[in-house]
Amino acid sequence: MLQACKMEGFPLVPPPSEDLVPYDTDLYQRQTHEYYPYLSSDGESHSDHYWDFHPHHVHSEFESFAENHFTELQSVQPPQLQQLYRHMELEQMHVLDTPMAPTHASLGHQVSYLPRMCLLYPSLSPAQPSSDEEEGERQSPPLEVSDGEADGLEPGPGLLHGETGSKKKIRLYQFLLDLLRSGDMKDSIWWVDKDKGTFQFSSKHKEALAHRWGIQKGNRKKMTYQKMARALRNYGKTGEVKKVKKKLTYQFSGEVLGRGALVVRRHPPH
């Protein structure tokens with residue numbers, strides 16, 4: 001039989017050994033009752049620990065009420081409590097939202113004043129010129145003639161200081177001196193005393209000469225004799241030209257005459 005089991009492939013379980021300790025069920029039951037007396041099925045020995053409940057016993061105070069007056073607690077709905085909790089939550093939300101209203105109002109009040117603050121800044125427009133002469137000089141191109149520039153440079157051969165397109169910076173007194181020595185526009189300006197440097201403008205053609213000076217300067221606005229005479233009076237402070245008592249008459253200084261004579265000797269007219 002043993003060989004047959006080995007051949008069929010089943011494991012062979014040896015018989016129990018004699019060294020094993022036999023299981024004593026009585027000992028286990030006895031220890032359980034000693035250490036855990038309440039696990040015992042003997043209910044009579046512990047009858048004094050129980051409380052007898054009689055389901056038909058009713059307190060004397062409730063004997064006068066009918067049975068239909070008593071209801072189970074599970075069927076009772078607390079709608080009043082739910083409404084109370086909801087009312088408390090709404091009050092809390094109202095308390096939290098109330099302080100925010102003045103904040104939004106104050107912000108809108110501040111923003112509304114921003115455009116008015118911008119209007120307080122003064123405009124950055126340029127100052128008005130003191131005269132039309134100065135305005136014309138400021139608007140003229142940088143290479144064009146201006147009466148406020150330094151002493152004019154000597155012109156090249158064949159070119160006069162007063163010619164248009166020469167691109168030589170020239171002052172007004174030099175422009176007039178070149179016209180007098182060249183004889184150009186003799187109907188508008190002429191010598192009263194060449195040796196003394198006294199000259200006079202024509203009352204009829206003075207505006208034509210002023211217009212040519214405006215073209216020489218490159219002014220956008222029309223040059224007038226009044227503006228040109230204002231520039232000549234300013235030369236009285238520096239000494240190049242002074243006003244003579246005679247009407248429309250002026251006089252060059254000796255320095256300007258000597259400088260002009262030197263220019264003529266270097267570049268004689270062709």
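Going from the start of the chain as shown, residues are counted 1 onward.
Each Cβ is built from the backbone N, Cα and C atoms, and glycine gets one as well.
LYS243 is the residue from LYS206, LYS243 that Swiss-Prot records in the DNA site together with LYS217, ARG230, ARG233. By neighbour count, meaning other C-beta atoms within 10 Å, the densest spot among the binding-site residues LYS217, ARG230, ARG233, LYS243 is LYS217. Among the residues the record lists as binding DNA, namely LYS217, ARG230, ARG233, LYS243, the two farthest apart have Cα atoms separated by 23 Å.
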